[in-house]
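Undergrad: Annotation source TrEMBL lists transmembrane segment at 21-44, 91-110, 136-155, 176-198, 204-224, 326-349, 361-381, 402-420, 476-495, 515-536.
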Amino acid sequence: MTNMDGESQTLRSSDGHGKAGRWITFPFTIATVAGLNIAAAGWMNNLTVYLIEEFGMNSIDAAQVSNVMNGSVNFVPVVAAILADSFFGCFSIVWSSSLISLLGIILLALTSTIDTLRPQQICNDGSDICTSPTKLQFAVLYGGVALASIGLGGMRTNIATIGANQFLDSKYQNMYFNWFFFTMYTGTVIGATVIVYIEDNVSWKFGYFVCVAANLIGLVVFLVGSRFYHYGKLEGSPFTSLARVIVATIRKRKLPISAENWYYGPHANDDETMQNSPSRSFGFLNHAALKCEGDVKQDNSIARPWKLCTVSEVEDFKSLMRTLPLWSSSIFLSTPIAVLISLSVLQALAMDRHLGPHFQIPAGSIPVIILVTTAIFLLIFDRFLFPAWEKLTSQSVTPFKRIGVGHVLTFIGLGVAALVESKRLNQARVGSRISVLWLVPHLVLIGKGEAFHFPGQVSLYYQEFPTSLKSVSTSLTWLVIAISFYLSTALIDLVRRTTSWLPSDINQGRIDNFYWVFAIIGVLNFGYYLLCVWFYKRKIGNKVVHHRASNALDK
């Protein structure tokens with residue numbers, strides 16, 4: 001099988017027969033990503049407006065529901081990744097999640113189609129919403145949102161993992177991730193513009209059934225490509241070996257370290273023993289790999305699995321430990337973005353959205369500016385900027401550099417957002433509305449920053465994590481986003497309770513102060529990130545030889 005550059009590489013199918021994997025699988029996985037993200041963007045990006053207009057919700061409450069939904073969409077990938085790595089495999093999780101998503105969107109479509117599933121819209125007194133939604137109406141609405149969110153979250157990271165697993169070379173894995181993110185953002189842009197426009201200007205029913213069709217097409221295409229995929233062999237729960245390292249370390253914590261007693265596994269040879277000595281970082285964990293009398297059988301296999309681990313298992317656990325501080329720094333990188341996405345829709349509703357005399361930009365499409373910017377710059381980075389950088393410096397652009405630039409662009413974007421909101425408030429208080437295009441500059445900065453830090457994080461985690469945790473590695477970035485949306489929900493609620501910055505009428509509030517606080521936190525968080533990078537590289541530097549960790553720094 002030949003890849004895009006003419007290089008030949010073959011993977012075997014799960015039953016050992018025939019060729020599988022590589023670029024022949026690319027159209028199927030990428031088309032699935034496109035279809036499901038078009039569908040998701042069509043209902044997600046306009047959910048706040050749907051709740052306000054069709055279910056009579058308060059604007060801030062609707063934004064909070066949207067935040068919880070976004071948090072769920074990005075939390076589910078972690079659970080789905082664990083299930084994929086431990087029990088079912090990525091293929092089963094992707095198709096079943098796509099089916100669940102389809103069922104959820106169908107329920108949402110029914111709420112827009114069947115009159116009894118939503119509140120009566122026109123009252124005798126002329127008000128917009130006649131009655132509050134009933135329990136049944138809320139049940140169907142939230143049931144649809146929940147199923148669609150769970151399905152999208154279950155698919156999202158596992159389709160990235162199964163796509164990357166078709167390649168053996170990290171160069172082509174990184175290339176796949178770039179195309180994955182480009183397709184994800186492009187599909188989201190299409191859904192958040194075309195479908196949202198249909199919902200606003202044709203009908204909610206037609207828009208939601210377009211989402212149903214896009215999801216169904218993505219599911220069918222994925223299943224059609226099943227005969228071409230390379231399926232990785234499941235080896236049981238990877239978390240069992242991680243737990244064994246903790247238990248074995250505690251049980252042998254008092255034993256003296258002796259290089260002669262390292263356990264490398266039943267089939268280790270002398271060369272492997274010389275090249276894979278335990279690293280000095282997190283040295284206390286090395287106790288778990290100390291071989292004592294009675295720990296191994298005559299064939300050199302482990303007799304007491306909760307008292308002895310291999311050196312490789314200990315190093316896998318260390319790779320997680322080294323990554324956690326870096327991962328934690330991403331939480332306050334993503335939280336301001338989550339807040340900005342939610343509040344920008346409310347800002348757009350209070351601004352002049354007309355382009356010419358006949359066209360009005362849908363408020364739910366405003367966050368798409370971030371997505372368009374990210375998609376464009378991902379393409380520029382992959383095709384032009386990064387290759388040019390490598391030719392000029394003979395060095396690749398490391399994930400650390402990408403993430404760092406993303407930090408800087410994000411807190412600069414938040415500062416610009418605060419200035420724009422201050423201008424909007426000043427005009428609103430004299431009875432004037434500024435153009436929604438004033439939101440473009442800071443949303444472009446945020447999108448450009450996301451093009452740097454989002455793929456950088458996924459590449460770093462995928463390369464550093466052990467093979468048995470590949471699905472979990474790609475889910476970590478989405479876990480950060482989930483935490484960020486939940487945290488943004490809590491912060492918005494806290495600010496509403498303790499200040500007057502976020503009233504129901506945002507023209508009477510001070511969203512600009514909210515943005516300034518996040519800009520300052522972003523600067524402080526960037527300092528924390530630099531400290532984490534120094535700590536990470538120092539720990540890597542203290543290792544003797546651990547080829548996977550060093551490979552993660554070079555790629």
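The backbone N, Cα and C atoms fix where each Cβ goes, and this holds for glycine too.
Quantities reported herein were computed from a predicted structural model and do not represent experimental measurements.
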Undergrad: Which of 21-44, 326-349, 402-420, 476-495 has the most Cβ pairs closer than 8 Å to the transmembrane segment (361-381)?
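TA: Per the Cβ count, the answer is 326-349.
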Undergrad: What residues in the same chain, six or more past the boundaries of the transmembrane segment (402-420), come closer than 8 Å to it by Cβ-Cβ distance?
TA: 326, 330, 333, 336-337, 340, 438-439, 441-443, 445-446, 448-457, 459-460, 512-513, 515-516, 518-519, 522-523, 525-526, 529-530, 533
Undergrad: I'd like to know if the transmembrane segment (476-495) touches the transmembrane segment (326-349) in this structure, counting it as a touch only when three or more C-beta pairs sit under 8 Å and are separated by 6 or more positions.
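TA: Judged by the Cβ rule, the two regions touch, with the required three close pairs present.
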Undergrad: For the transmembrane segment (204-224), I need the partner stretch with the highest count of C-beta pairs below 8 angstroms, choosing only from 21-44, 176-198, 476-495.
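TA: Selected stretch: 21-44, with the most Cβ pairs under 8 Å.
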Undergrad: Taking 136-155, 176-198, 476-495 as candidates, which has the most Cβ pairs under 8 Å with the transmembrane segment (21-44)?
TA: 176-198
